Structure formats: C-alpha cells, structure tokens
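For ASP155, ASP157, ASP208, the entry in Swiss-Prot reads Mg(2+) 2 binding site, with the evidence type similarity to another entry. For 208-383, the entry in Swiss-Prot reads region '5'-3' exonuclease domain'. Per Swiss-Prot, region 'Disordered' is recorded for 460-482, 629-650, 792-834, 853-886. Annotated compositional bias 'Basic residues' per Swiss-Prot: 465-476, in sequence order. According to Swiss-Prot, the feature compositional bias 'Basic and acidic residues' maps to 824-834.
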Amino acid sequence: MGVNDLWQILEPVKQHIHLQDLSGKTIAVDLSLWVCEAQTVKKMIGTVKKPHLRNLFFRISYLTQMNVKLVFVMEGEPPMLKADVISKRTQTRYGPSGKSRSQKTGRSHFKSVLRECLEMLECLGMPWVQAAGEAEAMCAYLNASGHVDGCLTNDGDAFLYGAQTVYRNFTMNTKDPHVDCYTISSIKSKLGLDRDALVGLAVLLGCDYLPKGVPGVGKEQALKLLQIFKGQSLLQRFNQWIEDPCYSVPQSAPKKVVHCSVCSHPGSPKDHERNGCILCKSDKYCEPHDYDYLCPCEWHQTDHNRHLSEIENNIKKKACSCEGFPFHEVIQEFLLNKNKMLKPITYQRPDLLLFQRFTVQKMEWPSHYACEKLLVLLTRYDMIERKHGRKTSNQLQPIRIVKPRVRNGVHCLEIEWEKPEHYVVEDGDPGKLSLLTMEEASLFEAAYPDAVAVYQKQLSETKGRKQKSMKNKPKGSHLPEADDVINSQSLMTLKPTSKAFPKQNPKINLENSPDPILAQESTSPSLNSFVSPENAPCLNLQEQLVPSPRTLAIKQSKDVSHFLVSECSQPSSSSHDISVITDLQLSTIDWAGTSFSNSPAVQRNTFSQDLASESESSAILPDFEQLSYESEQGTSDSEGSGRDLQQSNPEEQLLSGISALHLHDLPLKERIRIKSSCPQYNVGADAGLESLPLKLKGSCIAYSSSDGSSNFSKDLTGVYLHKESRNSKVLDSRLQENCGANTSLPYSFSDKAVKTSSLQVGLPTAAIPHNPRVAVKTTKNLVMKNSVCLERDSSDEDNAPGSWKSKYTAPEMKHSSQKHSLVHVRDSTHNKLRNPKVESKETKLCNESFKTAEDEENGFSDLGRSPQSFRPCHDKDENSTASWENPLPLRQRLKLRFQNTQSGFYNT
C-alpha cells in the first residue's frame, strides 16, 4: 500500500514512459505485486487455471522480447509492525476465521502461490532474490546499490527505503503499453521533498506500519508544515517537539498602519501620489504588485510568522497527544537496511523439458503449445550468448532467413530454425522439422553473421537476375520513336492500281446475293469515278494542269479530309449525319478492289433523306475521286485513249450481267411499272430482261437500286433515277450542253458508249431540288454508288407539287442530239487545253466549291420537300464566281451560265 496520499503528492513529477523505452534496462520486479494483480482479474477466474502463472509467463515473454531484463524479488518475513495490517488484509480477502487467534505475520497461502511462481522462474531461467523483509525494500536496495535501473512496484514505500526510480501502473495494452515513472531527483527538485521528508509524511499521514498516522493531520496541513520548515529536517523537528512540548507563545503584534492599495506598502495612495513611496523608491506615485506579494513591513512579517506558528502549533499539539509519537520503530524500518545480496544475479537458459512438465502439471498446457511459447525465449537467450562470444553445441541453429519483417517499428528477420531437443510438435503435423520465429535483425546479425552473409549474397544474386531479365524482356507496349515513325513514313508510297476495272462479271454479284440490297451494294466502286456529279470537272482540270496525278490525289484527299473535319466540328451539325456516316462501314470496304461483293449489309437509315445524302456525299466522294485518279493512271498509259475505257466500261458489264436476270427477280413495284410502261412486249413473270429494250434495262437498274436501304443513287443526292426515266433524253442533252460550255470531260466516249449510258457531270450532291421531271439522272445503264439513304418510293412522283410539274416540263430529244452534245464537249475540252488561264480559273472555282459545300448542304437539305423559287442571275460580271458561290443549285447555275453564254454569243 505504501504511504497514504503519497502518489497524489507526487503527481506533478509523474512521467509517461513507453515500454520500448525500457529496452536495455534491468528492472527489479516485486513478484507479489504481479500475483495480486492477476488474482484480482475477474475474467480470468474460473476460465484459466493458475492465472497468476499465466500472467507471469506472458509478461516475462513480452518484456524479454523488448530487451528488458527482469530480476524478481521474493517476499520475506514482514516486520511485526505490519501484523495488524496483514490480519486485516487476510480478513478482507478470505473472510473472518471464527476463532480468535493471536496476530501472526505469516503468509502461508500467499507464500504457496509465490513458490509456484518461483518454480516457473526456474524453468525460464529468470533470476530472483529473496528479500529479508518487504519486497519493495529489497527492490530499493538493488536500485540504490546499482544492481538494477529501477523498481517495478505500486508501493510508494520504495522511495522511503531509498529507491531512486520507481515504475508503477504497468500496462501491456496493445494500443499504449506504458508505465508511470517517478524519480527521486525530480521529486526533490520540483517538490522539495527528500527521503527524510517522505518518511515524516509517512508518520503524519500513515503507512503500512502506521495505518492511521497522526489523527487530524491531512495532506494539505502536512505540505504547509513542510513549507514552514524551508528545508529543515522534518524528523529532527519531530524530536524537538518531544523535547519541548510547551507551545511557543506568539509575540505581540505591532499596530497596523495604513497600506497603499496599489503597492501594498505603508502609506495612503494620496501620499504616494504626492510624495512617492520609500519602499518603491519613487518620488511620485508607486509601483503596483501582485496579490501574493508580501509587504516587508514589520506588521506583515509579524503577522506571517504568527500564522505559521499557529499551523505548527496545531500539528504539534495533535502529534504530541498521540501515543508513541514520533514512532521511532517506523522511522527505523524505513531508514535501516536489512537486505543483502547472497548470490550474483545470473540468467540461465530456459529448460524446455522442465517447462513442458511444469505447464502440463500446473497450467494444463499441451506440450506442443508450451514448446511453441517457449521457443522465442530459447532463441533470444542463444543469440545473446553468441553475441557475447559464448557458443555451445546445444544452441539453436538457423536453417535460413525467410524474409525481412518489421515489428513495432523495429527491423526484424523471419528465421527458420532447426528443431531443438525435446521439442514436441502437434500430432496433426509430425513431419514439421523447421520452426519459424521473428528476431531482431541487429541481434541476429551479431549472433549469426554467417547466415546473414549467405542471405545477403542470395539477395544480390536474385536482384542481378531480375535486372537481367528486365533488360532482356521485350517491351510489348513500346511505342515507336519519332525518328522511326518518320523513317517509316518516308518509305510509304501511294502505288497506282494495276487495273482499274478487272474483268469480272458483275452478274455474280447479283446472282449470289441473297437479297436485292446486297446485290445493289456489290457494284464496283470505280464506277463512281465516272458518275461523281460534283468533282468530275474539277478533277479533269487539275489533271491537265498537274503532271503527277498521284501527288495531286494526295493533296486533294488531305484538303477534303480537312473540310470534312471542319464540317463535323460545326455545332449545328445533326447527330443524324454522324449515324449515317457510321452506317457506311467504310473500314470494311476493299477500296483497292473493283467489286464490293463482300461488302456487309447496311441497316436501313430512318433519318431524313436529304440529311443522309449530304453527309454521305461529303464523306465518300473524296475517296472516290482519288480512286478515279488511280484507276485513270492504271488503265491508260497514254492520255486520251478511249479504247481501254470502252473495253472496261463497267456499265456495259453490269448490263450484260443483268440481262440474264428474270423479271420475277425484280421487286413487285418495278414489275408493275415495266408492264404498264411496255404493254406491247407482253412481259411475263419469268421473262428475262434481255427481251426488254435498253431504256427499260437502265430504268430497272435504277429502280432496283433505289428500292434498297443502301442503294447507290442515294449517295449522289438529288439524282432520283426511279422517277426521271421519262425525261432521260431531255436531261442528257441538257447535261451534255452544260458540260460542254463549262467543263471538260476526263474521258472521251465513243458513240456506242453514248448509246448505252450517259454521264452526269458537275451536279452538286445536295443542291438539286426534288423535282420528279427535271431532277438530274442517267436514264440508261447507269451504275450507282453505295448509299445508306432512305429508299424513295415511286409514288413520290404523284405527290410532287403541281407547280414543279408545270414549270419544268420539257420536250424529249433524240439520241442524235446527245451525240452532237458529246462532240461539242470534246471541242470545248480541246479549247480549254489551249487556254490554261481559263482552266486555272475553273480549278480555283472548283476548290472554292469544297469550302462552300457545307453551306449548300445546310441551305438546301430540304429542297426535296419544300421547293423554292430561285432568282436567275444574268450579269456578265458574275458569270465566273456567281455560278460557284451562288446559293442556287448547281443545275440552275449551269443552266443560267449556258443561257448567258448563248446570249453573249448572239450579241457578238
């Protein structure tokens, strides 16, 4: 128990110490303290056999792994002064005994418990010492003599016995394992209390040998008494009280004078304001002081001494009235040393076999569990011995270092050990020969340097192999450097195709196609180079000006791609255009070939026909223009040879393949229309197309292509072939006349080619209004491009506005006029070759048409549904630019330009 209220008095000097801070220190442990703490834990009572033994073992194991050396102190015979206290404690723990016995100081039951603890300490090799009397007295002796660095006890009597450092409130909490530390040096410096003062407090306040102390004297009065003596020995003062029991008579106090309320010195504030203060050494006014300031005047000094004497007289009166005061026996118990060292403190190696037997008998632990728990103490003891150079044959030998570990911020190593002698393994795993423990890295390296050297060598070799494997490992995700990309691009060339139109029978594409949509999509893309309505004149002009068509094709493709990007980046662009371009599936098209026989089927597009045609024309035509250049270079070595073109004319090949089809292969709509258009031929369901006239063959092709969800004619928006077959001759003549007046055709056609087909040249994709009679088309065997536009029903002709029908009616013309028009076109081409200025101007206008293509598409996307009237332009100054920048459709602009040319010719 110690001195009453001692720990409250020493509270200002308490220090919170982590258990790791005790590493390397030797601590004397009061064994009885740990036993009493284990017996008071209610959770262990009834669940754990011998809780004091279990508590003792795990505390030893925990502190030993922290490199804390322990020396246990065994209780001796208590002094007779403690008999009363011991009897009261026994009654409190075990209840009253029924018989009246003389007071004894024996601890028979407690000593039996302590003997069990000593047996365990023998098994673990822990040193212990026997105290002559109290255990804390022996701990203090060991600490004062330098055998240990501190005392681990909760009794404050250790300071009275001469201890220098005391640790109390030992806690193994995982969150904060700590102890409270008190040192005699801090107590003396901060509180002014030495060993004599602490013994005097034990007499006044009470202790184990004097439980009540001096009645009526408490902690506050005792501390005030110590302040009165100002460093004088309290024990000597006790002796003076006994020698002079008479109380000191207080001196007569002088008369109190007036004191200043500012400086607390004699005199009034007004006097100090006028004449100043002598004690403050000021001429006027005075210096203020705090509340605790004591005035040095005679009256205050006399009053203070009188007050202190009253406190001392009060305690002296109570102490002298107490029988046996000043209790010299108690003072001698604390001051006189009875303990001595009988043998040196030594640590022994834990005995594995003895510990197994002890735990099985006392604690009922299985042998394998006891061996597992004792292994850490065995390994640590052997490492410490080897560190100091004491090597024996029975020490544990490590097999290998498994891996490095960290425990409580300390670098450790996981070690695999050989199985020691008498080590028992669990029955379920008899083949386990190696054991694993975690040891401090520095200690293991000092004990087994060879094993650490081998481990480090293995680590370096493993690291070297990893570095070599990393160097030799190919980098799969390595990106090419900029120089490699530039070199690879420099080796790339745009090679022309060897054949523009391989001699393949398009009949296969139509016959093998399971549905008419696929058959329509399988037409050769190279035909589009002849029927591109926008770019044919421009391509021809640029081909004549630039000698290398491949270089020009590359430049033109870049310009068109830039135009497409800028067009797609406009905020007003509809999401329908994006979906239409996505449906094209351009990545699956074999652009190098001449047949789209393997092109996948394209889903029907449910968006607006005009919007789809605009997006398709802007996205596909530039690629087809480049293909036209490549096909032109591959098929003709000399410019202007029309023979090869006629031989590889895809329209004739397509007609030759379609002629083998039967009428029942066509949709019902076309069959009804053919029968109604040619009643004189008496067309049957199984009749072939060979018997039909050439005009009907072309219309059949146009109708079959327009009914598909992805037909060729919808790629050239404004060319609606399934409605304009009746105006074919008039249209062809007008187109040929317009082309002859404005542009030069890239190829020359023979009469035979003119009879079978007519080309559309110079018509914009989205600029022609949806007129069933005047809309531009080819009436004869015309092959159209792939498209994802919606199909156009033939019934739209009946739904067309009546004003359009009456406004754009024109008489039909014969084929002779078509021949004359083509001859006129050849002449105009020859004239333009001689006049490069005109061609360059036309080329410039052609390039400008690319820039205004988006505006034309946005402005005339709905012309097929809401026709508009256009204002013709007859000014001569605007002939060159107005025809290209004018928002009118290209057909109207060509017509106006043709009229202006004729009017100018007549005027001249």
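Glycine is treated like the rest: Cβ placed from N, Cα and C.
These figures come from a predicted structure and were not determined experimentally.
Under the three-state DSSP scheme, ASP208 (Mg(2+) 2 binding site) falls in the coil class. Counting Cβ atoms from all protein chains shown, ASP208 (Mg(2+) 2 binding site) has 25 others lying within 10 Å of its own Cβ.
Within the model, the region '5'-3' exonuclease domain' (208-383) carries an average pLDDT of 84. According to its DSSP assignment, ASP155 (Mg(2+) 2 binding site) is coil.
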